[in-house]
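Here the structure comes first, spelled out in structure tokens, and everything after it is commentary.
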């Protein structure tokens, strides 16, 4: 039987051995590696009938051209590594015994594929954003993107130049995202370039559309990557949609499958399908399991499948998204807006922080309002207190003035009693209060008023008495001070006179040695005529008094000139001694009552 089919027994044993131990012992190479291509070509003879691949985890042949479908329409453009998104007619053929192992091995590749897909969408969005501004800026952005992928510029330089070109800064998460995922894209580019026997720059120049392909899916909104791009911050509806012709396909329609990332050549299998699909002839069915049952978001939300209810709800939401496809064709890749556990934790943390801040603000506002309310209450109480005090003082002042005016007026007692009686009688509601009560109240008020007035009068009398006493004491003090000053002046005058008596030979004007004597009184002595004329204003009073006190025969005697011999004649013309009062002694220093009295006594 083996010979009839063209396969020897030895080849069957080799195939069986590779089928059993292939996935466990083979060291997986990088996706798109030429080594995997060689292993694939060696392990699958061209004369074999359509069997499943020997290594379920093995790669597909690397191809950089679109795969032509049976209906003649090229569909599903290849991604960066050239592996196209396969139609559902091609078989992956997983074995039931290795489904769980395959799932565990595919997780890293799936995560890397997801990150590479995000990076491609990001670069495509940047290029489209530049084109939306202007074609020149779009060309600059495209050049920067190619330079970044070719490692000719660093991420920081790319950030700065992109900001200079577009005048829009990138969001803070973009640089860490590029640092984390750009090496994966460069590694894929290197593998593809090696497979094509080209340098990475040559390969990227020839296959630029694979990196910046806008027809794969609607790129992310540029407002998510650039700051302050759109005013409303809403995501625009995707405008680029692919048209397909699967509705005209002759094969029976299958459930619409979500487009999967095909950068990594490793196939995807659903963990729910553990038994391979086989036809009645014993061969594997060419139809693969539905790819939408286990996609990238299933890995991020694998914790949801631990509970059946959440799993069913999640699958219903996912099927509702898949039902939006066009007649069983491939649908554009839907952007997954669901958050991971870490993102949910960050969101909850931010929300909790915001709520705590709001609570703190509310608490502070409440405390401030309570403090303001207490301050208003205290201010109101203090204002009411001072109002009462002011009203009481005003009433007392009015009553005091009225009592004073009535006491000074005639018939004040009668008028006071009449006014008070009239006031109490005119009050409303007096019929409800006994008359005796009003009388007692009136008497008490009158007593208080009289007592207050008596106290005021006593206070006024005491103040006046104190004022009079102060005035009397001040007057006595002033009189004593004036008397002391007068006595001191008299003593000073007597001292001056005594000094002049002791120095009779000195000039009465300048104090020098005198050589002449006044011819009128023969008492005053001067050093010359100049000092005599100078002192005449003060001396003529004494000299005139002496002349009036002389005898009549001596009144007509002319004034002799002052000379040295006049002292001899002074004995003949003795001057009488008039009675000098106190005022003449204190007017000037020229008045010498002591010397005059001495001369008079000698003459008598």
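Heads up, the Cβ atoms here are built off N, Cα and C, so glycines get one too.
For residue 543 (Zn(2+) 2 binding site), the same-chain residues lying six or more positions away in sequence with a CB closer than 8 A to its CB are 518, 520, 521, 524. According to Swiss-Prot, the Zn(2+) 2 binding site annotation covers 518, 521, 539, 543, on the basis of sequence analysis.
Marked as coiled coil by Swiss-Prot on the basis of sequence analysis: 451-491.
Taken from Swiss-Prot, the feature compositional bias 'Pro residues' applies to 46-59.
Feature annotation from Swiss-Prot assigns compositional bias 'Polar residues' to 64-79 (among others).
Look at Swiss-Prot and you will find 88-105 (among others) tagged as compositional bias 'Polar residues'.
Feature annotation from Swiss-Prot assigns compositional bias 'Polar residues' to 402-419 (among others).
Here Swiss-Prot flags 583-598 as compositional bias 'Low complexity'.
In terms of DSSP helix, strand and coil, the domain 'TAFH' (113-208) has 78 helix, 1 strand, 17 coil. Per Swiss-Prot, the feature domain 'TAFH' maps to 113-208; the stated evidence is sequence analysis.
If you look up Swiss-Prot, you'll see 33 (among others) marked as phosphoserine, on the strength of a large-scale study or a structure entry.
According to Swiss-Prot, the feature phosphoserine maps to 264 (among others), an assignment based on a large-scale study or a structure entry.
Residues or ranges marked as phosphoserine by Swiss-Prot on the basis of a large-scale study or a structure entry: 409 (among others).
The phosphoserine annotation in Swiss-Prot covers 577 (among others).
Feature annotation from Swiss-Prot assigns region 'Disordered' to 25-105 (among others).
What Swiss-Prot lists as region 'Interaction with PRDM14' is 107-215.
Annotation source Swiss-Prot lists region 'Disordered' at 229-265 (among others).
Positions annotated as region 'Nervy homology region 2 (NHR2)' by Swiss-Prot: 331-377.
A helical conformation is recorded for residue 539 (Zn(2+) 2 binding site) in the three-state DSSP classification.
Each residue of the region 'Nervy homology region 3 (NHR3)' (435-484) gets a DSSP state, and the totals for helix, strand and coil are 50 helix, 0 strand, 0 coil. Here the region 'Nervy homology region 2 (NHR2)' (331-377) is broken down by DSSP into helix, strand and coil counts: 37 helix, 1 strand, 9 coil.
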